[in-house]
Each structure stands twice: as C-alpha cells, then as structure tokens.
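Please see the structure below; I have some questions.
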Amino acid sequence: HTLEKPHKCEECGYATVELSKLRRHIRTHTGEKPYSCPHCSYCSPDTFKLKRHLRVHTGERPYQCTVCKFRFTQSNSLKAHLLTHETNAQKFHCTYCPTVLTRKADLKQHMLKKHANDEDFVTCLKCDQEFTDPHELTQHKKLHIMQ
C-alpha cells in the first residue's frame with residue numbers, strides 16, 4: 001500500500017486516494033446536495049447521509065443495545081447510549097425530564113428539540129450548565145467559587 005493521496009482539494013488541502021471521495025468532499029465547499037429524499041424536501045451531499053435519513057420514513061432502527069434492547073437509527077447513537085449502562089461514565093441530566101445522556105452535545109440537542117419552548121434558559125459561563133431559574137444559577141456559581 002502506498003500512502004500517496006493524489007487527489008487534492010484546491011480549496012483546503014484535503015487529500016485522498018479515491019477520486020469519488022474528493023468529489024464528495026468538494027460538496028462541503030460548494031453546498032451542493034444532489035441526492036433528494038423521495039418522501040420530503042431533505043437533500044444530501046452523499047448517498048450515505050440520504051440512506052441514513054430514509055430511516056426517518058421507514059422506521060428502521062438497525063442498531064440495538066445488547067443490554068436493554070433499545071434500538072437506534074445510527075451507530076453513533078448506539079455507542080453513546082451504551083455509555084449510559086457504564087457506572088463510571090459521566091452523565092448529563094436533563095433538568096426538565098428524566099433523560100440522562102453521556103455527551104454534553106447530546107444534552108444540548110435534547111434541550112433544543114424537546115424543551116426549546118418550555119422556558120428561557122440561563123447558562124453558567126464556566127461549565128455551560130443550563131438552568132431555568134436564575135436563583136439556581138446563582139447557587140450553582142457558588143460551587144465554582146469553592147473549587
């Protein structure tokens with residue numbers, strides 16, 4: 001195997017062995033999304049993302065947790081979920097519902113999707129934790145001072 005990557009992006013220097021991968025990469029610069037969902041207005045820059053999107057319409061959830069049998073549409077969602085079964089994994093708790101997630105980014109997405117209209121949030125500037133009650137934020141800030 002050679003490590004040479006002859007196909008290079010003139011825009012940013014990305015390089016690859018396969019021309020098809022370069023073509024797909026170039027779409028990140030052009031914004032071109034040539035693959036359309038036949039069921040809705042979703043368009044994708046590549047067939048992989050379109051195939052993953054189609055699961056929204058088919059209900060297919062091919063990735064299953066071996067612990068609790070919960071199913072997912074994406075493998076990375078299953079990987080994040082598996083961490084919830086580990087006792088030493090860091091957990092991020094939703095302040096509105098019993099949802100517990102293992103990645104801060106997932107909690108932010110959850111808040112935006114499920115609770116965006118619940119109330120306005122106030123955010124701790126030190127750790128990005130969100131609160132609905134400004135008094136709770138004040139109490140929380142005291143924890144940072146003690147550390």
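From the backbone N, Cα and C atoms, a Cβ is placed for every residue, glycine too.
So TrEMBL says this about it:
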DOMAIN    7-34  domain 'C2H2-type'
DOMAIN    35-62  domain 'C2H2-type'
DOMAIN    63-90  domain 'C2H2-type'
DOMAIN    92-120  domain 'C2H2-type'
DOMAIN    122-147  domain 'C2H2-type'
Given a Cβ distance threshold of under 8 angstroms, which distant residues of the chain, six or more beyond its ends, lie next to the domain 'C2H2-type' (92-120)?
80-81, 83-84, 128, 130-132
Count the residues of the domain 'C2H2-type' (63-90) that DSSP assigns to helix (H, G, I), to strand (E, B) and to coil, and report the three numbers in that order.
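Within the domain 'C2H2-type' (63-90) the tally stands at 11 helix, 4 strand, 13 coil.
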